[in-house]
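Asker: The structure is given below, and queries will be raised subsequently.
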Amino acid sequence: MAVKKILLLNGPNLNLLGTREPHIYGYDTLASIESSLTTYLSSLTPSVTLLSFQTNWEGALIDRIHEARTDGTDAIVINPGAFTHYSIALRDALTGVDIPFVEVHISNVHKREEFRHKSFLSDKAEAVICGLGVYGYRAAVEWCVGYLKEKPKA
């Protein structure tokens, strides 16, 4: 059986997790979240692996999404950070590669400033998870594993 790949993407300022506004985002660092997800995923199934990428640059995020089209990525979990609210280019990249994706936000963006209520990605995502803290990443990965098991062979 071929190993499936889930690509975890994190956008701007998420490299500051653990120290940036911990009253909103918590005290877990991005490295600890990635490590925890890798451990959790291996407990769920040996046939799915997690790849991680974080950048503060919109173009780099788009380039990585394009790369996913040819590197065997089967599903994407993305916390686009502030790109959520204005990046049509990110939306176009995600829809252009035809890889299912889950949008994740640590905080409940709907309880925050008005400008955070609009997402350019939500209507194209398979699922949107927000307000569950870092557990949202785990829920997204678990959803992807279920999706990949149920996905018909091409």
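Just so you know, glycine gets a Cβ as well, placed from its N, Cα and C.
Look at Swiss-Prot and you will find ARG20 tagged as site 'Transition state stabilizer'. Per Swiss-Prot, active site, proton acceptor is recorded for TYR25. Annotation source Swiss-Prot lists substrate binding site at ASN79, HIS85, ASP92, ILE106, SER107, ARG116. Taken from Swiss-Prot, the feature active site, proton donor applies to HIS105.
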Asker: Restricting to the chain of ASN79 (substrate binding site) and a gap of 6 or more, list residues whose Cβ falls under 8 Å of its Cβ, or answer none.
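Answerer: Spatial neighbours, sequence-distant, of ASN79 (substrate binding site): LEU9, ASN10, GLY11, LEU14, GLU103, VAL104, HIS105, ILE106, TYR137.
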Asker: For the recorded positions listed here (ARG20, HIS105), tell me which residue's CB has the most neighbouring CB atoms inside 10 Å.
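Answerer: Within the set of recorded positions, the most crowded position is HIS105.
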Asker: Which one is it, among the binding-site residues HIS85, ASP92, SER107, that lies nearest to TYR25 (active site, proton acceptor) by Cα separation?
Answerer: SER107
Asker: Taking the Cβ of each of the recorded positions and counting other Cβ atoms inside 10 Å, which one has the highest number: TYR25, HIS85, ASP92, ILE106, SER107?
Answerer: ILE106
